Amino acid sequence: MWWDERVSARFRRNLQPTLTYWSVFFSFGLCIAFLGPTLLDLRCQTQSSLSQITWVFFSQQFCLLLGSCLGGVFKRTLAQSLFALFASSLAISLVFAIIPLCHNVVVLAVVMAVAGLAMGCIDTISNMQLVKIYQKDSAIFLQALHFFVGFGALLSPLIADPFLSDTNCILSNSTANASSNLPHIRKSLVPHHPGNLSHYDLPMKGMVVTRVSYAFWIMALINLPVPIAVFFLLYKERMVPCFNSSSRPLLSADELAMETRPTEKDDLSAAVQRPHAAGGHDDLFSCCQSKNFRGASYTYFAVHITGALVLFMTDGIVGEYSGFIYSYAVEEPLSVVHKVAGYLPSLFWGFITLGRLISIPVSYRMKPATMVFINVVGVLITFLLLLIFSYSVVFLFVGTASLGLFLSSTFPSMLAYTEDILQYKGCATTVLVTGAGIGEMVLQLLVGSIIHDQGSYSFLVCGMIFGGLAFTFYAFLLFFHRMYPKPSSDMDDASPDKPAVMDDTGQYQR
């Protein structure tokens with residue numbers, strides 16, 4: 001095997017929880033990508049205008065961000081974390097099943113808001129639990145986790161595509177004229193300001209003819225094994241109330257070491273009881289409490305902030321590039337044929353998924369800091385070349401694939417790197433997930449407004465600026481890493497024992 005026996009043994013020991021968290025992230029990916037291609041059929045189902053239906057995007061994105069902030073609330077015990085994941089993954093299946101029954105756009109927005117909350121909880125909790133299980137070995141498992149969200153994001157549009165309407169799905173006198181705009185509108189529907197689509201005229205009254213309901217019911221069935229897998233993990237841990245009413249706290253590695261070896265390393269037990277040990281991996285609001293700041297150096301805050309800003313930029317680039325690359329390609333000077341331009345978002349997400357798959361073995365051989373450096377430099381160079389060859393359609397496709405590869409592993413690598421700097425005692429997971437979510441929402445809105453006012457060329461200029469800012473913030477993170485206090489000699493001496501303790505006990509063994 002391309003990893004050593006220690007990591008392999010650790011993976012086998014935590015096989016069921018690891019596979020469960022990976023499957024839950026598949027639910028996340030399945031839910032995040034279906035809305036764009038199906039939105040026109042949902043507009044017909046709710047008989048709403050384009051401006052009204054595109055606000056469904058906002059309800060999902062805003063509640064996803066809110067769910068990411070609140071996800072850390074459920075980390076306090078293993079039972080809370082698993083019950084939150086069970087409820088969230090089950091909610092996504094229920095959302096898929098309920099969407100065909102939503103004939104009012106407000107009801108649809110509320111349902112999508114519930115899906116957003118569930119997705120946010122999944123995002124925070126799954127990342128957090130894998131970091132807690134594997135700690136310094138977490139990079140490779142985080143890469144695999146984010147491969148599954150890419151796989152789900154690729155699968156849901158493929159499921160929906162056979163059931164999408166080829167012509168306008170509301171039959172009226174103006175149907176023939178409106179249907180000619182349908183492919184362009186479908187590719188242009190992205191989570192940005194709904195006013196950008198107000199100039200398209202589609203009928204709102206008439207007979208509704210859409211088969212998209214079947215796509216949602218199929219996705220509900222495909223996702224149903226995920227909450228079942230979480231339930232089996234709860235059952236295995238005897239946390240289902242009818243089998244065992246007690247739940248065991250989810251202990252940190254240091255607490256496990258002290259619990260299982262009380263007579264050894266007494267000096268270590270004093271060393272690990274530091275101000276941030278108890279406050280690590282909290283929800284965003286708990287992280288901001290003043291009690292967690294006592295005795296913290298300025299570099300403690302700087303590492304959190306600069307790490308979040310890097311992901312604010314890179315995840316924002318993912319959102320704005322996937323959302324606007326089609327609109328950029330069909331406009332002058334490229335004027336790509338609509339059908340050809342429609343392959344660009346799929347190419348982008350395909351190479352993100354491929355990059356995450358490649359990053360699984362690469363992350364075992366390469367440090368997370370090195371991977372993030374390659375990623376941000378690659379993004380910057382790709383945007384520079386896209387600007388230089390802005391009149392080349394061929395290079396637009398090459399640059400899109402390259403950008404997907406470089407952006408693919410940025411989030412899991414940055415999470416592993418930042419948690420490692422903080423010795424798994426900060427609020428890095430919660431802060432980074434929240435920062436990434438804010439960036440994805442804000443930069444889409446910002447770029448949509450700029451393109452509307454300044455023209456399509458500003459799309460690449462914005463990407464270049466965001467890439468430059470991501471590189472700058474990463475340089476600051478490297479600087480603060482060098483300034484961050486190193487662990488004491490006692491901790492250094494004990495650190496080789498810590499993974500062994502986790503291997504011997506395992507936080508999922510009873």
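Numbers run from 1 along the shown chain.
Each Cβ is built from the backbone N, Cα and C atoms, and glycine gets one as well.
TrEMBL entries are annotated by machine, without manual review.
The region 'Disordered' annotation in TrEMBL covers 488-510. Feature annotation from TrEMBL assigns transmembrane segment to 21-40, 52-74, 81-99, 105-126, 138-159, 214-235, 300-328, 340-358, 370-389, 395-417, 429-451, 457-480.
Between the transmembrane segment (105-126) and the transmembrane segment (214-235) there are fewer than 3 Cβ pairs closer than 8 Å, counting only residues 6 or more apart in sequence, so the two stretches are not in contact. Below 8 angstroms of C-beta separation, residues 299, 302-303, 306-307, 309-310, 313-314, 316-317, 320-321, 324-325, 327-328, 369, 372-373, 376-377, 379-380, 382-384, 386-387, 390, 418, 443, 446-447, 450-451 of the same chain, each at least six residues beyond the ends of the transmembrane segment (457-480), sit close to that stretch. Using a Cβ-Cβ cut-off under 8 Å and counting only residues 6 or more beyond its ends in the same chain, the transmembrane segment (21-40) has close neighbours at 53-54, 56-57, 60, 85, 88-89, 92, 95-96, 112, 115, 118-119, 122-123, 126, 129-130, 144-146, 148-157, 159-161, 164-165, 169, 182, 185-186, 189-191, 212, 215-216, 219, 222-223, 225-226, 229-230, 349.
Using a cut-off of 8 Å between Cβ atoms, the transmembrane segment (138-159) and the transmembrane segment (52-74) share fewer than three residue pairs, counting only pairs 6 or more apart in sequence.
Highlighted: of the candidate stretches 214-235, 340-358, 395-417, 429-451, 395-417 has the greatest count of Cβ pairs under 8 Å to the transmembrane segment (370-389).
Counted over residue pairs 6 or more apart, the CB atoms of the transmembrane segment (395-417) and the transmembrane segment (81-99) come under 8 Å in fewer than three pairs, which marks the two as apart. Tertiary proximity for the transmembrane segment (214-235) is limited to same-chain residues at least six positions away from its ends with a CB under 8 Å from its CB atoms, namely 16-17, 19-20, 23-24, 26-27, 30, 34, 38, 79, 82-83, 85-86, 89-90, 92-94, 96-97, 99-100, 155-156, 159-160, 162-164, 243. Counting same-chain residues at least six beyond the ends of the transmembrane segment (81-99), those with a Cβ under 8 angstroms from any Cβ of the stretch are 20-21, 24, 27, 30-31, 42, 71, 74-75, 108, 111-112, 114-115, 117-119, 121-122, 125-126, 128-129, 213, 216-217, 219-220, 223-224, 226-227, 230-231, 233-234, 237, 239, 250.
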